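Lifted from TrEMBL, the feature list:
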DOMAIN    35-454  domain 'Major facilitator superfamily (MFS) profile'
TRANSMEM  30-52  transmembrane segment
TRANSMEM  72-92  transmembrane segment
TRANSMEM  104-125  transmembrane segment
TRANSMEM  131-150  transmembrane segment
TRANSMEM  162-180  transmembrane segment
TRANSMEM  186-204  transmembrane segment
TRANSMEM  268-290  transmembrane segment
TRANSMEM  302-323  transmembrane segment
TRANSMEM  330-352  transmembrane segment
TRANSMEM  364-388  transmembrane segment
TRANSMEM  400-420  transmembrane segment
TRANSMEM  426-447  transmembrane segment
Amino acid sequence: MGKHSDQNAALCPLIEPNNHDSHAVSTASFALILSTLVSVSGSYVFGTAIGYSSPSQSGIMTDLALTVAEYSVFGSILTIGAIVGAIVSGKLADYIGRRGTMGFAEIFCLLGWLLIAFSKTAWWLDLGRMLVGFGMGVISYVVPIFIAEITPKQLRGAFTTLHQLMICFGVSLTWLIGVFVNWRTLALIGAIPCLIQLVGLPFTPESPRWLAKNDQGLACEAALQRLRGQSKDISAELFEIQEYTELLKQFREPSVLDLFRRQYARSLIAGVGLMALQQFGGVNGIGFYVKSLFTLAGFSGNIGSIALAAVQIPMTALGVVLMDVSGRRPLLMISAAGTCLGCLCVALSFLFKDLQLWQSGSPMLALFGVLAFSGSFSLGMGAIPWVIMSEIFPINMKGLAGSLVTLVSWVGSWIVSYSFNFLLNWSSTGIFFIFSTVCGFTVLFVAKFVPETKGRTLEEIQAAINPLSTKN
(Lines of atoms letter the chains of each structure in order from A and count residues from 1; the text may use other names and numbers.)
(Lines give C-alpha, C1' and ligand atoms only; values in the text may rest on other atoms or scores of the structure.)
Protein backbone atom coordinates (compact mmCIF):
# COMPACT_ATOMS: atom_id res chain seq x y z
CA MET A 1 0.00 0.00 0.00
CA GLY A 2 2.89 2.35 0.74
CA LYS A 3 4.34 1.83 -2.74
CA HIS A 4 0.98 2.41 -4.36
CA SER A 5 0.53 5.71 -2.52
CA ASP A 6 3.99 6.84 -3.48
CA GLN A 7 3.46 6.08 -7.15
CA ASN A 8 0.19 8.00 -7.20
CA ALA A 9 1.80 10.97 -5.48
CA ALA A 10 4.67 11.02 -7.94
CA LEU A 11 2.41 10.84 -11.00
CA CYS A 12 -0.27 13.34 -9.98
CA PRO A 13 0.36 16.99 -9.06
CA LEU A 14 -2.75 17.01 -6.90
CA ILE A 15 -3.24 15.10 -3.67
CA GLU A 16 -6.53 13.29 -3.91
CA PRO A 17 -8.87 14.32 -1.09
CA ASN A 18 -9.35 11.88 1.73
CA ASN A 19 -12.83 11.71 3.22
CA HIS A 20 -11.52 10.33 6.50
CA ASP A 21 -12.75 12.73 9.14
CA SER A 22 -12.73 10.79 12.36
CA HIS A 23 -11.73 13.77 14.47
CA ALA A 24 -13.31 16.73 12.69
CA VAL A 25 -13.26 19.95 14.65
CA SER A 26 -15.29 22.73 13.09
CA THR A 27 -15.10 25.34 15.84
CA ALA A 28 -12.18 27.27 17.27
CA SER A 29 -11.65 27.30 21.03
CA PHE A 30 -10.71 30.42 22.97
CA ALA A 31 -7.18 29.04 23.53
CA LEU A 32 -6.72 28.44 19.79
CA ILE A 33 -7.90 31.96 18.90
CA LEU A 34 -5.72 33.54 21.61
CA SER A 35 -2.65 31.52 20.57
CA THR A 36 -3.14 32.49 16.94
CA LEU A 37 -3.61 36.19 17.72
CA VAL A 38 -0.51 36.26 19.91
CA SER A 39 1.58 34.53 17.26
CA VAL A 40 0.43 36.82 14.44
CA SER A 41 1.45 39.85 16.49
CA GLY A 42 4.88 38.82 15.21
CA SER A 43 3.52 38.85 11.67
CA TYR A 44 2.40 42.45 12.23
CA VAL A 45 5.98 43.31 13.24
CA PHE A 46 7.09 41.70 9.98
CA GLY A 47 4.71 43.98 8.07
CA THR A 48 5.76 47.17 9.86
CA ALA A 49 9.40 46.47 9.01
CA ILE A 50 8.61 45.98 5.31
CA GLY A 51 6.40 49.06 5.16
CA TYR A 52 8.72 51.31 7.15
CA SER A 53 11.28 52.20 4.50
CA SER A 54 8.82 53.75 2.03
CA PRO A 55 7.24 56.57 4.12
CA SER A 56 10.50 57.17 6.00
CA GLN A 57 12.77 57.61 2.98
CA SER A 58 12.65 61.38 2.53
CA GLY A 59 12.80 62.12 6.28
CA ILE A 60 15.74 59.83 7.00
CA MET A 61 17.70 60.94 3.93
CA THR A 62 17.22 64.60 4.91
CA ASP A 63 17.85 64.27 8.66
CA LEU A 64 20.88 61.99 8.40
CA ALA A 65 22.14 63.26 5.00
CA LEU A 66 22.06 59.86 3.30
CA THR A 67 22.64 59.30 -0.40
CA VAL A 68 20.41 57.05 -2.51
CA ALA A 69 23.04 54.29 -2.29
CA GLU A 70 23.23 54.63 1.51
CA TYR A 71 19.47 54.49 1.82
CA SER A 72 19.36 51.45 -0.44
CA VAL A 73 21.75 49.79 2.03
CA PHE A 74 19.40 50.72 4.89
CA GLY A 75 16.36 49.41 3.02
CA SER A 76 17.96 46.14 1.98
CA ILE A 77 20.02 45.38 5.11
CA LEU A 78 16.76 44.26 6.68
CA THR A 79 16.92 41.23 4.42
CA ILE A 80 20.56 40.53 5.36
CA GLY A 81 19.45 40.20 8.98
CA ALA A 82 16.50 38.09 7.84
CA ILE A 83 18.83 35.72 5.95
CA VAL A 84 20.78 35.07 9.17
CA GLY A 85 17.50 34.65 11.06
CA ALA A 86 16.24 32.21 8.45
CA ILE A 87 19.38 30.07 8.73
CA VAL A 88 18.95 29.56 12.48
CA SER A 89 15.13 29.61 12.62
CA GLY A 90 14.51 25.92 12.06
CA LYS A 91 17.06 24.70 14.61
CA LEU A 92 15.88 27.26 17.15
CA ALA A 93 12.26 26.18 16.74
CA ASP A 94 13.27 22.53 17.09
CA TYR A 95 15.41 23.03 20.22
CA ILE A 96 13.61 25.68 22.29
CA GLY A 97 10.09 25.24 20.97
CA ARG A 98 7.82 27.37 18.83
CA ARG A 99 6.82 29.76 21.64
CA GLY A 100 10.38 30.26 22.87
CA THR A 101 11.56 30.99 19.34
CA MET A 102 8.89 33.67 18.82
CA GLY A 103 9.87 35.36 22.09
CA PHE A 104 13.56 35.20 21.18
CA ALA A 105 12.86 36.84 17.81
CA GLU A 106 10.80 39.65 19.34
CA ILE A 107 13.63 40.69 21.65
CA PHE A 108 15.78 41.40 18.60
CA CYS A 109 12.95 43.26 16.87
CA LEU A 110 12.34 45.42 19.94
CA LEU A 111 16.02 46.35 20.26
CA GLY A 112 16.19 47.08 16.54
CA TRP A 113 13.22 49.47 16.55
CA LEU A 114 14.64 51.35 19.53
CA LEU A 115 18.02 51.74 17.79
CA ILE A 116 16.32 53.09 14.66
CA ALA A 117 14.16 55.51 16.66
CA PHE A 118 17.13 57.03 18.47
CA SER A 119 19.67 56.86 15.63
CA LYS A 120 22.15 59.70 15.27
CA THR A 121 24.32 58.18 12.55
CA ALA A 122 23.82 55.84 9.59
CA TRP A 123 25.48 52.86 11.26
CA TRP A 124 23.04 53.00 14.19
CA LEU A 125 20.24 53.03 11.68
CA ASP A 126 21.65 50.07 9.76
CA LEU A 127 22.35 48.04 12.91
CA GLY A 128 18.80 48.57 14.14
CA ARG A 129 17.38 47.60 10.75
CA MET A 130 19.52 44.45 10.70
CA LEU A 131 18.35 43.42 14.18
CA VAL A 132 14.72 43.85 13.13
CA GLY A 133 15.53 41.81 10.03
CA PHE A 134 17.01 38.98 12.11
CA GLY A 135 13.82 38.80 14.15
CA MET A 136 11.75 38.88 10.96
CA GLY A 137 13.70 35.99 9.47
CA VAL A 138 12.92 33.85 12.50
CA ILE A 139 9.28 34.99 12.68
CA SER A 140 8.67 34.31 8.99
CA TYR A 141 9.39 30.61 9.63
CA VAL A 142 8.08 29.94 13.11
CA VAL A 143 4.70 31.74 13.02
CA PRO A 144 3.12 29.78 10.11
CA ILE A 145 4.66 26.55 11.42
CA PHE A 146 3.21 27.14 14.89
CA ILE A 147 -0.25 28.01 13.58
CA ALA A 148 -0.30 25.01 11.21
CA GLU A 149 0.65 22.68 14.06
CA ILE A 150 -1.99 23.91 16.53
CA THR A 151 -5.03 24.23 14.23
CA PRO A 152 -7.41 21.45 13.09
CA LYS A 153 -7.34 20.63 9.39
CA GLN A 154 -10.69 22.32 8.62
CA LEU A 155 -9.36 25.66 9.87
CA ARG A 156 -5.66 25.38 9.10
CA GLY A 157 -5.67 27.23 5.79
CA ALA A 158 -7.63 30.23 7.03
CA PHE A 159 -5.76 30.46 10.34
CA THR A 160 -2.33 30.13 8.71
CA THR A 161 -3.30 32.84 6.21
CA LEU A 162 -3.79 35.22 9.15
CA HIS A 163 0.02 35.39 9.13
CA GLN A 164 -0.12 37.17 5.78
CA LEU A 165 -3.17 39.22 6.77
CA MET A 166 -1.30 40.67 9.72
CA ILE A 167 1.77 41.31 7.56
CA CYS A 168 -0.56 43.18 5.24
CA PHE A 169 -2.04 45.15 8.15
CA GLY A 170 1.47 45.99 9.31
CA VAL A 171 2.57 47.21 5.88
CA SER A 172 -0.62 49.15 5.14
CA LEU A 173 -0.98 50.84 8.52
CA THR A 174 2.70 51.76 8.52
CA TRP A 175 2.25 53.44 5.13
CA LEU A 176 -0.83 55.29 6.44
CA ILE A 177 0.66 56.33 9.76
CA GLY A 178 3.89 57.34 8.01
CA VAL A 179 1.98 60.02 6.10
CA PHE A 180 1.24 61.80 9.40
CA VAL A 181 4.21 61.14 11.73
CA ASN A 182 7.99 61.43 11.41
CA TRP A 183 10.28 58.46 10.98
CA ARG A 184 11.41 58.31 14.62
CA THR A 185 7.85 58.17 15.93
CA LEU A 186 7.00 55.56 13.31
CA ALA A 187 9.85 53.36 14.60
CA LEU A 188 8.58 53.63 18.19
CA ILE A 189 5.09 52.65 17.03
CA GLY A 190 6.69 49.61 15.35
CA ALA A 191 7.97 48.44 18.75
CA ILE A 192 4.47 48.18 20.27
CA PRO A 193 3.44 44.80 18.72
CA CYS A 194 6.78 43.34 19.86
CA LEU A 195 5.76 44.04 23.45
CA ILE A 196 2.26 42.64 22.85
CA GLN A 197 3.65 39.30 21.71
CA LEU A 198 6.20 39.08 24.52
CA VAL A 199 3.43 39.67 27.09
CA GLY A 200 1.03 37.21 25.42
CA LEU A 201 3.33 34.22 24.83
CA PRO A 202 3.26 32.89 28.44
CA PHE A 203 -0.52 32.48 28.10
CA THR A 204 -0.37 30.33 24.94
CA PRO A 205 0.17 26.53 24.86
CA GLU A 206 3.12 25.03 23.03
CA SER A 207 2.64 23.11 19.77
CA PRO A 208 1.35 19.59 20.60
CA ARG A 209 3.34 18.15 17.69
CA TRP A 210 6.58 19.69 18.98
CA LEU A 211 5.84 18.34 22.47
CA ALA A 212 5.19 14.86 21.06
CA LYS A 213 8.43 14.99 19.08
CA ASN A 214 10.31 15.86 22.27
CA ASP A 215 8.85 12.98 24.34
CA GLN A 216 6.50 15.17 26.38
CA GLY A 217 3.42 13.00 25.96
CA LEU A 218 1.40 14.31 28.90
CA ALA A 219 2.15 17.92 27.97
CA CYS A 220 1.18 17.15 24.36
CA GLU A 221 -2.19 15.76 25.46
CA ALA A 222 -2.82 18.71 27.79
CA ALA A 223 -1.91 21.28 25.12
CA LEU A 224 -4.07 19.58 22.48
CA GLN A 225 -7.04 19.36 24.86
CA ARG A 226 -6.68 23.04 25.73
CA LEU A 227 -6.46 24.03 22.07
CA ARG A 228 -9.50 21.97 21.05
CA GLY A 229 -11.63 22.78 24.10
CA GLN A 230 -12.16 20.80 27.29
CA SER A 231 -15.38 19.19 26.00
CA LYS A 232 -13.84 17.86 22.77
CA ASP A 233 -12.79 14.25 22.22
CA ILE A 234 -9.16 14.46 21.09
CA SER A 235 -8.33 10.76 21.28
CA ALA A 236 -8.22 10.11 17.52
CA GLU A 237 -6.19 13.22 16.71
CA LEU A 238 -3.82 12.57 19.63
CA PHE A 239 -3.31 8.96 18.50
CA GLU A 240 -2.52 10.07 14.93
CA ILE A 241 0.04 12.65 16.12
CA GLN A 242 1.73 10.21 18.50
CA GLU A 243 1.74 7.33 16.01
CA TYR A 244 3.30 9.47 13.30
CA THR A 245 5.87 10.90 15.73
CA GLU A 246 6.87 7.42 16.89
CA LEU A 247 7.30 6.37 13.26
CA LEU A 248 9.69 9.25 12.65
CA LYS A 249 11.78 8.34 15.68
CA GLN A 250 12.77 5.10 13.96
CA PHE A 251 14.92 7.12 11.58
CA ARG A 252 18.18 8.86 12.37
CA GLU A 253 18.51 12.60 12.89
CA PRO A 254 18.36 14.15 9.42
CA SER A 255 21.22 16.13 7.90
CA VAL A 256 21.14 18.91 5.33
CA LEU A 257 22.01 16.41 2.60
CA ASP A 258 18.93 14.36 3.51
CA LEU A 259 16.78 17.22 2.28
CA PHE A 260 17.90 16.47 -1.26
CA ARG A 261 16.95 12.81 -1.22
CA ARG A 262 14.48 11.75 -3.88
CA GLN A 263 11.67 11.10 -1.42
CA TYR A 264 11.52 14.81 -0.47
CA ALA A 265 11.93 16.10 -4.03
CA ARG A 266 8.28 17.13 -4.53
CA SER A 267 8.15 18.96 -1.22
CA LEU A 268 11.46 20.72 -1.81
CA ILE A 269 10.66 21.77 -5.39
CA ALA A 270 7.26 23.13 -4.36
CA GLY A 271 8.52 24.93 -1.24
CA VAL A 272 11.71 26.45 -2.66
CA GLY A 273 10.16 27.21 -6.05
CA LEU A 274 7.18 29.08 -4.61
CA MET A 275 9.38 31.18 -2.32
CA ALA A 276 11.80 32.10 -5.10
CA LEU A 277 9.01 33.03 -7.52
CA GLN A 278 7.20 35.00 -4.80
CA GLN A 279 10.27 37.21 -4.31
CA PHE A 280 11.47 37.55 -7.91
CA GLY A 281 7.99 38.67 -8.90
CA GLY A 282 9.06 42.02 -7.40
CA VAL A 283 6.96 42.31 -4.27
CA ASN A 284 9.62 43.71 -1.96
CA GLY A 285 10.97 46.13 -4.54
CA ILE A 286 7.48 47.61 -4.81
CA GLY A 287 6.74 47.35 -1.09
CA PHE A 288 9.99 48.91 0.11
CA TYR A 289 9.95 51.87 -2.28
CA VAL A 290 6.33 52.29 -3.37
CA LYS A 291 6.20 56.01 -2.56
CA SER A 292 9.18 56.83 -4.78
CA LEU A 293 7.79 54.49 -7.46
CA PHE A 294 4.52 56.44 -7.60
CA THR A 295 6.44 59.72 -7.74
CA LEU A 296 8.57 58.48 -10.64
CA ALA A 297 5.42 57.42 -12.48
CA GLY A 298 4.02 60.94 -12.08
CA PHE A 299 1.49 60.16 -9.35
CA SER A 300 1.23 61.46 -5.77
CA GLY A 301 3.25 59.20 -3.45
CA ASN A 302 1.03 59.84 -0.42
CA ILE A 303 -2.25 59.31 -2.27
CA GLY A 304 -0.88 56.18 -3.95
CA SER A 305 0.25 54.74 -0.60
CA ILE A 306 -3.19 55.34 0.94
CA ALA A 307 -4.91 53.73 -2.08
CA LEU A 308 -2.57 50.76 -1.85
CA ALA A 309 -3.34 50.28 1.83
CA ALA A 310 -7.06 50.43 1.08
CA VAL A 311 -6.71 47.62 -1.49
CA GLN A 312 -4.33 45.30 0.37
CA ILE A 313 -6.29 44.70 3.54
CA PRO A 314 -9.66 43.63 2.04
CA MET A 315 -7.94 41.47 -0.59
CA THR A 316 -5.90 39.66 2.05
CA ALA A 317 -9.04 39.20 4.13
CA LEU A 318 -10.77 37.72 1.07
CA GLY A 319 -7.86 35.31 0.69
CA VAL A 320 -8.35 34.19 4.29
CA VAL A 321 -12.02 33.44 3.56
CA LEU A 322 -11.32 31.61 0.30
CA MET A 323 -8.31 29.61 1.49
CA ASP A 324 -10.27 26.62 2.80
CA VAL A 325 -13.08 27.01 0.26
CA SER A 326 -11.37 27.18 -3.13
CA GLY A 327 -8.18 25.38 -2.11
CA ARG A 328 -4.55 26.48 -2.36
CA ARG A 329 -3.82 25.84 -6.04
CA PRO A 330 -6.69 27.74 -7.73
CA LEU A 331 -6.15 30.75 -5.48
CA LEU A 332 -2.40 30.71 -6.19
CA MET A 333 -2.90 30.63 -9.96
CA ILE A 334 -5.48 33.44 -9.95
CA SER A 335 -3.22 35.50 -7.69
CA ALA A 336 -0.12 34.96 -9.86
CA ALA A 337 -2.06 35.83 -13.02
CA GLY A 338 -3.21 39.08 -11.38
CA THR A 339 0.33 40.06 -10.39
CA CYS A 340 1.44 39.36 -13.96
CA LEU A 341 -1.23 41.73 -15.30
CA GLY A 342 -0.35 44.38 -12.70
CA CYS A 343 3.36 44.39 -13.56
CA LEU A 344 2.52 44.48 -17.26
CA CYS A 345 0.39 47.61 -16.73
CA VAL A 346 3.19 49.35 -14.80
CA ALA A 347 5.69 48.43 -17.53
CA LEU A 348 3.39 49.84 -20.22
CA SER A 349 2.90 53.00 -18.18
CA PHE A 350 6.64 53.65 -18.06
CA LEU A 351 6.95 52.73 -21.74
CA PHE A 352 4.30 55.31 -22.68
CA LYS A 353 6.07 57.88 -20.54
CA ASP A 354 9.43 57.19 -22.21
CA LEU A 355 7.85 57.45 -25.67
CA GLN A 356 5.92 60.62 -24.73
CA LEU A 357 2.62 58.85 -25.44
CA TRP A 358 -0.62 59.13 -23.46
CA GLN A 359 1.01 61.38 -20.90
CA SER A 360 -2.26 62.21 -19.15
CA GLY A 361 -3.25 58.57 -18.66
CA SER A 362 0.04 56.79 -18.00
CA PRO A 363 0.22 57.79 -14.26
CA MET A 364 -3.25 56.31 -13.75
CA LEU A 365 -2.18 53.15 -15.58
CA ALA A 366 0.78 52.89 -13.19
CA LEU A 367 -1.55 53.33 -10.22
CA PHE A 368 -3.91 50.66 -11.57
CA GLY A 369 -0.97 48.31 -12.19
CA VAL A 370 0.48 48.68 -8.69
CA LEU A 371 -2.96 48.28 -7.11
CA ALA A 372 -3.70 45.22 -9.26
CA PHE A 373 -0.33 43.71 -8.37
CA SER A 374 -0.71 44.39 -4.66
CA GLY A 375 -4.33 43.24 -4.48
CA SER A 376 -3.62 40.06 -6.41
CA PHE A 377 -0.49 39.32 -4.38
CA SER A 378 -2.45 39.80 -1.15
CA LEU A 379 -5.13 37.39 -2.37
CA GLY A 380 -2.83 34.39 -2.57
CA MET A 381 0.84 34.73 -3.47
CA GLY A 382 1.61 36.55 -0.24
CA ALA A 383 0.17 33.96 2.13
CA ILE A 384 -0.12 30.61 0.39
CA PRO A 385 3.61 29.85 -0.12
CA TRP A 386 4.02 30.12 3.67
CA VAL A 387 0.95 27.92 4.22
CA ILE A 388 2.29 25.31 1.78
CA MET A 389 5.73 25.46 3.43
CA SER A 390 4.17 24.77 6.84
CA GLU A 391 2.23 21.75 5.50
CA ILE A 392 4.37 19.75 3.08
CA PHE A 393 7.44 18.79 5.14
CA PRO A 394 7.39 16.00 7.77
CA ILE A 395 8.07 17.20 11.31
CA ASN A 396 11.53 15.58 11.46
CA MET A 397 12.55 17.64 8.39
CA LYS A 398 10.70 20.87 9.19
CA GLY A 399 13.63 22.53 10.92
CA LEU A 400 16.08 22.01 8.07
CA ALA A 401 13.58 22.36 5.24
CA GLY A 402 11.90 25.40 6.78
CA SER A 403 15.24 27.13 7.26
CA LEU A 404 16.22 26.44 3.65
CA VAL A 405 12.90 27.62 2.22
CA THR A 406 12.89 30.74 4.41
CA LEU A 407 16.52 31.41 3.48
CA VAL A 408 15.65 31.26 -0.22
CA SER A 409 12.83 33.72 0.40
CA TRP A 410 15.06 36.23 2.15
CA VAL A 411 17.98 35.92 -0.27
CA GLY A 412 15.53 36.67 -3.08
CA SER A 413 14.11 39.54 -1.07
CA TRP A 414 17.58 41.02 -0.54
CA ILE A 415 18.49 40.77 -4.23
CA VAL A 416 15.27 42.49 -5.28
CA SER A 417 15.17 45.15 -2.54
CA TYR A 418 18.84 46.14 -2.93
CA SER A 419 18.85 46.25 -6.72
CA PHE A 420 15.39 47.74 -7.25
CA ASN A 421 16.37 51.44 -7.15
CA PHE A 422 19.32 50.81 -9.48
CA LEU A 423 17.21 48.71 -11.88
CA LEU A 424 14.52 51.38 -11.85
CA ASN A 425 17.13 53.92 -12.98
CA TRP A 426 18.45 51.47 -15.58
CA SER A 427 15.05 50.79 -17.16
CA SER A 428 11.78 51.27 -15.32
CA THR A 429 10.01 49.62 -18.25
CA GLY A 430 12.39 46.68 -18.47
CA ILE A 431 12.33 45.73 -14.81
CA PHE A 432 8.54 45.51 -14.73
CA PHE A 433 8.46 43.44 -17.91
CA ILE A 434 10.85 41.05 -16.12
CA PHE A 435 8.62 40.96 -13.03
CA SER A 436 5.60 40.30 -15.25
CA THR A 437 7.35 37.37 -16.94
CA VAL A 438 8.27 35.81 -13.58
CA CYS A 439 4.67 36.15 -12.37
CA GLY A 440 3.38 34.54 -15.56
CA PHE A 441 5.78 31.62 -15.14
CA THR A 442 4.49 31.19 -11.58
CA VAL A 443 1.07 30.18 -12.92
CA LEU A 444 2.66 27.33 -14.89
CA PHE A 445 4.84 26.29 -11.95
CA VAL A 446 1.85 26.01 -9.61
CA ALA A 447 -0.10 23.96 -12.15
CA LYS A 448 2.78 21.51 -12.53
CA PHE A 449 4.47 21.20 -9.14
CA VAL A 450 2.33 22.47 -6.25
CA PRO A 451 0.09 19.93 -4.45
CA GLU A 452 -3.38 20.68 -3.11
CA THR A 453 -3.38 20.32 0.69
CA LYS A 454 -6.85 21.61 1.59
CA GLY A 455 -8.80 19.52 4.09
CA ARG A 456 -5.98 17.12 5.03
CA THR A 457 -4.25 16.63 8.36
CA LEU A 458 -0.49 17.20 8.32
CA GLU A 459 -0.01 13.46 8.78
CA GLU A 460 -2.29 12.65 5.81
CA ILE A 461 -0.33 15.08 3.63
CA GLN A 462 2.92 13.32 4.51
CA ALA A 463 1.43 9.91 3.77
CA ALA A 464 0.53 11.14 0.29
CA ILE A 465 3.62 13.06 -0.82
CA ASN A 466 6.57 11.79 1.27
CA PRO A 467 7.33 8.04 1.17
CA LEU A 468 8.85 8.24 4.67
CA SER A 469 5.37 8.64 6.09
CA THR A 470 3.99 5.51 4.44
CA LYS A 471 6.66 3.05 5.58
CA ASN A 472 5.56 0.48 8.07
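Cβ atoms here come from the backbone N, Cα and C positions, even for glycine.
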Any contact, the transmembrane segment (330-352) to the transmembrane segment (186-204), with at least 3 Cβ pairs under 8 A: no
Cβ pairs under 8 Å between the transmembrane segment (131-150) and the transmembrane segment (426-447), at least three: no
Recorded stretches the transmembrane segment (104-125) and the transmembrane segment (30-52) touching, at least 3 CB pairs under 8 Å: yes
Intrachain neighbours beyond the transmembrane segment (72-92), with Cβ under 8 angstroms and 6 or more residues off its ends: 49-50, 53, 57, 60, 66, 100-101, 104-105, 108, 112, 122, 125-126, 129-142, 284, 288-289, 398-404, 406-407, 409-411, 413-414, 417-418, 421-422
Cβ-Cβ under 8 Å with the transmembrane segment (30-52): same-chain residues at least 6 beyond its ends: 78, 102, 105-106, 109, 132-133, 135-136, 139-140, 142-143, 146-147, 150-151, 159, 162-175, 178, 186-187, 189-190, 193-194, 196-197, 200-201, 203-205, 226-229, 284, 287-288
Long-range neighbours of the transmembrane segment (426-447), counting only residues six or more past its ends (CB under 8 A): 13, 273-274, 277-278, 280-282, 285, 296, 329, 332-333, 336-337, 339-341, 343-344, 346-347, 350-351, 354, 369, 381, 420
Residue numbers, six or more beyond the limits of the transmembrane segment (400-420), whose CB comes under 8 Å of its CB atoms: 72-73, 75-76, 78-80, 82-83, 85-91, 93, 137, 140-141, 145, 254-256, 258-259, 264, 267-268, 271-272, 275-276, 278-280, 282-285, 288-289, 385, 389-390, 393, 431
For the domain 'Major facilitator superfamily (MFS) profile' (35-454), mean pLDDT (0 to 100): 85
